[in-house]
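**Q** These came from TrEMBL, pasted as-is:
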type     : residues                                    : note
BINDING  : Gly55, Ala57, Val58, Asn367, Leu432, Asp435 : Na(+) binding site
COMPBIAS : 19-40                                       : compositional bias 'Basic and acidic residues'
DISULFID : Cys160-Cys169                               : disulfide bond
REGION   : 16-40                                       : region 'Disordered'
TRANSMEM : 49-67                                       : transmembrane segment
TRANSMEM : 79-100                                      : transmembrane segment
TRANSMEM : 121-148                                     : transmembrane segment
TRANSMEM : 250-270                                     : transmembrane segment
TRANSMEM : 279-300                                     : transmembrane segment
TRANSMEM : 328-349                                     : transmembrane segment
TRANSMEM : 361-382                                     : transmembrane segment
TRANSMEM : 418-439                                     : transmembrane segment
TRANSMEM : 460-482                                     : transmembrane segment
TRANSMEM : 494-518                                     : transmembrane segment
TRANSMEM : 539-563                                     : transmembrane segment
TRANSMEM : 575-603                                     : transmembrane segment
Amino acid sequence: MKRIVNKLNFISKKKKDSKKIELSKREDQEKLSENSDGERETWTGKFDFFLSALGYAVGLGAVWRFPYLCYRNGGGVFLIPYFIFMALVGIPLVFLELGVGQFISTGPLTCWKMIPIFRGIGLSMNIVNSYANLYYNMIIAYSLYYLVLSFRSELPWQKCNPTWSSPNCVDDYSPGNFRFIDCEDLNNTLKCDNGRCFNLTTLNGSLANCSLNETNLNFLGWWNPTFPSQDYWNNVILKKSSGIDEPGKIVWQLIVALIVSWIISWCMVIRGIAISGKLVYFTALFPYVILLILGIRGWILPGASIGVEFYIKPDISRLGDISVWSDAASQIFFTLSVAYGGLTSLASYNKFDTNIMRDAIIVSLSNCLTSVFAGFVIFSYMGYLSHVTGQSIDQVVQAGQGLAFIVYPYAVTTIPPAPLWSILFFIMMIVLGLDTMMTSVETTITSLLDVFPILRKKKLYKYLAITGICIVHFVASINFTLQSGTYWIEFVDYYAGNWAVFLIGALESISIAWFYGLENFKKDLSLMIGEKITESKLFYVWYVCWFLICPLYLIVLTVLTFINTTPLESGSYAYPFWAHVLGQCMTASTLSGTLFWALWLIVDNCFIKKKSFMVLIRPDFDNWKPRKVKNQILMKLAHDLPFDEDLKQKVLANPIFYGNTKF
């Protein structure tokens, strides 16, 4: 930055007339690199941050949610709005969050200091992140349970078993044994609850009914068959109750699996980023290996091309459907983990000059391309399953838990050696989940340690704090191990983020672009990634996105999502109205941090301290600053801010500012 260099040259001329400072270069380096509130870890490896961010962003949503959304919203056409929103909303917000975290080197709870009234954004991030922590580890627990069950010569959900299977259960879909029929001709067919369809007249010519012995009925086919894996999931794994208002008992196998998953999470975060930063070299890359292996196997299965065709076949007419654009934006938002605090937390451990613009683009692109690639893999198995069962794709395809624990587990039972493919799939699920979970827990840890820096002073204090965080989250998630647990998982998944997360994302852009000022933020970014990048004409694309596209679109999306949010349904089960009210309260609670912090500041400053309201919406350079003194000096010079004699003497005394800057 030429202006800063000129200032430094001007100051250096005054140096001759100043009192000579008797400090060695080594002493100056130590003082200038001191942290403002104690030691803070930084990434030690060249790719630690990048792989951590990649692993955090590429989670279970890329495997079990994106392919289904793509299929549901016009196949390949869905990729058009998907990549548009990735470019105009996803990447800019990822870049913004990384920039904030790296500049101030603190986690989400304490980093939003540039405008006082918006400091509560960090608290809202932590609230929504905590909700995600509760149920995400339960998904890992399910996968651990299935992984253990997969180490058998025959998978337990391979065949229908009268001890747990329903009358609808079908395990032999060979053409000679199975025939699918819609059974919609009410004048000639009889549709029974056990999934079978019969002729309306019996073999004796009398009127048929479902209570008669089936030997007297003319069987036409199945209208509602279930896979053995579905009955095994509902009746053995979950011991599922009839609804969310019937909690039932704790399923001991599930609580054991949940304990194990939290112990694993604890082990991954207890030693901080020094260890977790190395684990990501495995956890971030290994899922790609498994996904590729599963893909190669799936693409050579009979019927795989049918599934892939359904996945990418474009339906151009769907581009006029607002829900397609809404789903695309929602998926980009959630799959990149924007507004959850994890990206800010990871960036806070960066070196000050890390090129976060490059990382934001690469991580976002990698995440989205992984989602697209996963769709080709998953739908090859859906096509195979359609081929095997004789049902159409839309009758076998599912999303979320249905894909992970019902459809895919049954598909592998027909592919020898079935246990091997099951083991590989659930290892991938576990690793994908742990990678995201590790950063999510680390976000809470970082926030707590930033608020109470004394906890960093001694390892014992830090270990006790981390252990306490894990225990609290475990206790809060015990509800998911009840027989009604799966209803609560879908409930939290549906309501925890929802429209409020979009609004948090909008407030992020608004606080930076409308109040702090894009020119101010540009100066901050210049200190980190260099003027060569920020002075480029292309850099003004970020201005447009942060100032206009992100806030306006996310506000519109917030309103539309709020208006169109309907009571949750899971298959044929409709959640009671009280659950919808509770869910909307849960969604709104994520905004409580932002709202209550703003109200408290208004009362404290305007009514108690009698200060002007304008103080709350102006840049607060006293608190918004880098951690290291040398970077604080550069910031003050960049923003033409006054700095005290102490800092000036450090500038005069240390040569680091003359030959070693990026500018």
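From the backbone N, Cα and C atoms, a Cβ is placed for every residue, glycine too.
Curation plays no part in TrEMBL annotations; they are all automatic predictions.
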**Q** Between the transmembrane segment (250-270) and the transmembrane segment (494-518), do 3 or more CB pairs sit under 8 angstroms, pairs being 6 or more residues apart?
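**A** Counting Cβ pairs under 8 Å, fewer than 3, so no.
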**Q** For the transmembrane segment (460-482), could you work out the same-chain residues 6 or more beyond its ends whose Cβ comes under 8 Å from its Cβ atoms?
**A** 130, 133-135, 137-138, 241, 247-251, 254-255, 258-259, 262, 265-266, 269-270, 272, 441, 444-445, 448-449, 452, 454, 488-489
**Q** Hey, which bits of the same chain come close to the transmembrane segment (418-439), Cβ under 8 Å, at least six residues off its ends?
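**A** Contacts with the transmembrane segment (418-439): 52, 55-56, 58-60, 62-63, 133, 136-137, 139-140, 143-144, 146-147, 150-155, 158, 264-265, 268-269, 276, 279-280, 282-284, 286-287, 290-291, 293-294, 297, 337, 342, 345-346, 404, 408-409, 412.
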**Q** Which are the residues of the chain, Gly55, Ala57, Val58, Asn367, Leu432, Asp435 excluded, whose CB is within 8 A of where the CB atoms of the Na(+) site average out, their centroid?
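**A** After dropping the recorded site residues, what remains is Leu54, Tyr56, Gly59, Ala62, Ala284, Pro287, Thr370, Thr436.
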**Q** Can you find at least 3 Cβ pairs under 8 Å between the transmembrane segment (49-67) and the transmembrane segment (539-563), where each pair is 6 or more residues apart in sequence?
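**A** Output no: the transmembrane segment (49-67) is apart from the transmembrane segment (539-563).
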**Q** Six or more residues out from either end of the transmembrane segment (361-382), which same-chain residues have a Cβ under 8 Å from its Cβ atoms?
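**A** Same-chain contacts beyond the flanks: 50, 53-54, 57-58, 61-64, 66-67, 70-71, 79, 82-83, 86, 90-91, 94-95, 288, 291, 294-295, 298-299, 301, 304, 307-308, 310-312, 331-332, 335-336, 393, 396-397, 403, 407-408, 411.
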**Q** The transmembrane segment (575-603): which same-chain residues, six or more beyond its ends, come within Cβ distance under 8 Å?
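**A** Answer is 116-128, 131, 243-245, 487, 491-492, 494-501, 503-504, 507, 565, 567-569, 613, 616.
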**Q** Can we call the transmembrane segment (539-563) and the transmembrane segment (79-100) in contact, meaning three or more C-beta pairs below 8 angstroms at a sequence separation of 6+?
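**A** These two stretches do touch.
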**Q** Between the transmembrane segment (328-349) and the stretches 79-100, 121-148, 250-270, 279-300, work out which stretch tops the count of Cβ pairs under 8 Å.
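**A** Per the Cβ under 8 Å count, 79-100.
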